[in-house]
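Just below is one structure, and these are the notes that go with it.
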Number of protein chains: 2
Amino acid sequence: MLELESLSVGQYGFINNVFSFGLAVMASSTLFVWLMKGSVAPAYRMAMVITGLVTAIAGYHYLQIMLSWQGAATINTGEVLVTGEGFNRAYRYVDWLLTVPLLLIELILVMKLSKSDTMSRSVKLGGAAALMIILGYPGEVSSEVGTRALFWILAMIPFLYIVREMVVGLKDSIARQPDEVKGLINAAAILLVVSWAFYPIVYLLPLVGITGGSAIVAVETGYTIADIVSKAVFAMLIFLIAVRKSAADERELVAEAAKQGEQKTPVKKVA
Amino acid sequence: MLELESLSVGQYGFINNVFSFGLAVMASSTLFVWLMKGSVAPAYRMAMVITGLVTAIAGYHYLQIMLSWQGAATINTGEVLVTGEGFNRAYRYVDWLLTVPLLLIELILVMKLSKSDTMSRSVKLGGAAALMIILGYPGEVSSEVGTRALFWILAMIPFLYIVREMVVGLKDSIARQPDEVKGLINAAAILLVVSWAFYPIVYLLPLVGITGGSAIVAVETGYTIADIVSKAVFAMLIFLIAVRKSAADERELVAEAAKQGEQKTPVKKVA
């Protein structure tokens, strides 16, 4: 279990503030994309709604994590005393089980692929993401090193599949995107892969004997930063992509209409 | 640490009411700008959304600050007794880390500069603002006079950069604004600089030996007033600017259409 008593009062308070910061960022990001939904074309509004859902779910879990943290210890005469309630780290897994598949679906939706492609990629990537989280959980709650290592390896299989799909599998689809969003979509895919790579590293820390107050601070701050990058910063990228694609689609529509207008004129003259 | 026990019961209750007032003002300001979002032109809606986000984030932190205040002491037979949980002053920093960069971005967005100018100013000013808050934090939580003084000086560097940008850097951009908003935008920039100048002064109070019950009342009331001026009063200015600029843009559009109409008429006559 977590040795909360190895924390100083300052460290205990700092982690509380980190959780509160996470909650505030996630809630702000949610409100931003939902309130700005009207400024993207209808085709991209489902991507906006799901982008906001991911951060809303994450915000809810940061509230739960913060309350669990506050209930797990009290401060008395300058010392952190555990209450025995325990700090519920599993909230992170409950969060990821919902948000990680949705994050991949966000990216697929904003690309506006064909209907069948959207469906098959959502099922494959979303399924792999859910499987990755489910396989990670038994190792996270186990205190045995062997169990932790085994489930780390098992969870890495769907993780590597997702990385491969992001880096190689999406290449053709990204190449067909309008020029002004190619760079952004690439950046979003890379942001996901890089920020997600942080989690399996943190997962291994207890295996290599990194424990104590500073380790708890590092793990909780690290997870929170990774969550903010992969969800809220990612949300801003998805929003920007949706805005630019809305503009590109409209330009294409106008060009198409102008072309049809030109074609009509000679036809009429001939008639 | 804060000597809460030097407060009278009346003072302890008064500060609680100040925090509750801050929460009510921030929440009202948020609801106002979001509900009025539809009455400004689409180009200014992102400024409205972010203006509301700033006060929403501040409202959330006033709730947290108030709950922390209530948990930090109890009242027993006419005396304030600390519980040992401590009053978490750091919530203000968590708030500022998010809201101070966003306040600058609000002002930039409502000016509707060119895309590249908007982006570069947001990054520079937002980054300087975040740096200022991060540099202030270690001094705020330290009980050593030297550390407090050192980080005050470090945080003043990005602060002075922001002041310079507000007063000198924005001059040309303000000069290009429509006449009816020039005064308001100038007022908004000055309001920011003046209300922000209050924070480094309060920060220094413990250094000059001002402590005790009255000092706590002065600091917490002062910070709250400064927050209300720089966020909620500022929000009303931003809203007014957006309304006037929407009207100015429409007038310009109508004038442009009339001009094109005039040009068309002679062409038709010739034909």
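Backbone N, Cα and C define each Cβ position, glycine as well.
Database features, via TrEMBL:
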type     : residues  : note
TRANSMEM : A:12-36   : transmembrane segment
TRANSMEM : A:43-63   : transmembrane segment
TRANSMEM : A:90-110  : transmembrane segment
TRANSMEM : A:122-139 : transmembrane segment
TRANSMEM : A:145-163 : transmembrane segment
TRANSMEM : A:184-205 : transmembrane segment
TRANSMEM : A:225-243 : transmembrane segment
Top partner of the transmembrane segment (A:90-110) among A:12-36, A:145-163, A:225-243 - counted as Cβ pairs under 8 Å: A:225-243
Same-chain residues at least 6 beyond the ends of the transmembrane segment (A:184-205) whose Cβ lies under 8 Å from its Cβ atoms: 103-104, 107, 110-111, 136, 139-140, 148, 152, 155-156, 159, 162-163, 166-167, 170, 174, 177, 215, 218-219, 222-223, 226, 229-230, 233-234, 237-238, 240-241, 244
The transmembrane segment (A:43-63) vs the transmembrane segment (A:12-36): 3 or more CB pairs under 8 Å: yes
